[in-house]
């Protein structure tokens, strides 16, 4: 599925909500299924890095509304991402897949520090690398981190796994029955129309560096594998003209 001389390298972004199954904490069945779908892609030669969110535990912006200092709330969210990283690492290793966690905040007993060249070396050896603790700084979303990490470790594509939708639509498909799914979507259209791809700062970084983003639905069985190996599912956000599915 991938050229051994030029292997496909991707970054998979998973939201904290995906890990929680819509609830606080982690849904082990969901994480196990995601792990089971990652392994076949790695076995086909795809190099897989992952950024996970922490929204199933804490969200800094929401904690701020409750009176908690925004920076402190963001750090709480970063620690939540590390719990998700360790859970996913465990399920991947249960499947026999060597996995490393690297965190932007040093915590030597549970993870390696984030070192880009070391991460690349792990990927080249067939290990999955999971990045935790966001950027290690407040006010940076895990969407922004996913673009930044993908640029630093030279990924071909960023894959955004979404719950509840199978791509990016012209309007909210849950509210508008006439909403159509984009097959391709330009960065500018996504930004101007405020379409639900990722936050604006992350999308601007992707546009400025021409980093392709594929948005796909997480809930369809097998979709994670399909996205990782390069199947054209969901919506591709790039410099190409926007086009809706027929």
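For all residues, glycine too, the Cβ spot is worked out from N, Cα and C.
Spatially close to residue 163 (ATP binding site) yet at least six residues away along the chain are 15, 17, 18, 22, 217, 218, 219, judged by Cβ distances under 8 angstroms. Per Swiss-Prot, the feature ATP binding site maps to 13, 14, 15, 16, 55, 59, 163, 169, 172.
Feature annotation from Swiss-Prot assigns UMP binding site to 54, 74, 135, 136, 137, 138, 139, 140, 141, 142; the stated evidence is sequence analysis. According to DSSP, residue 135 (UMP binding site) sits in a coil region rather than a helix or strand. In sequence order, 104, 144, 145, 148 make up the list of same-chain residues 6 or more apart from residue 135 (UMP binding site) whose Cβ falls under 8 Å from its Cβ.
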Residue among binding-site residues 54, 55 with least C-beta crowding, 10 angstrom cut-off:
55
Closest of 13, 55, 172 to residue 139 (UMP binding site), Cα positions, binding-site residues only:
55
Validating a neighbour-count step here. Other CB atoms within 10 A of the CB of residue 137 (UMP binding site): how many?
14
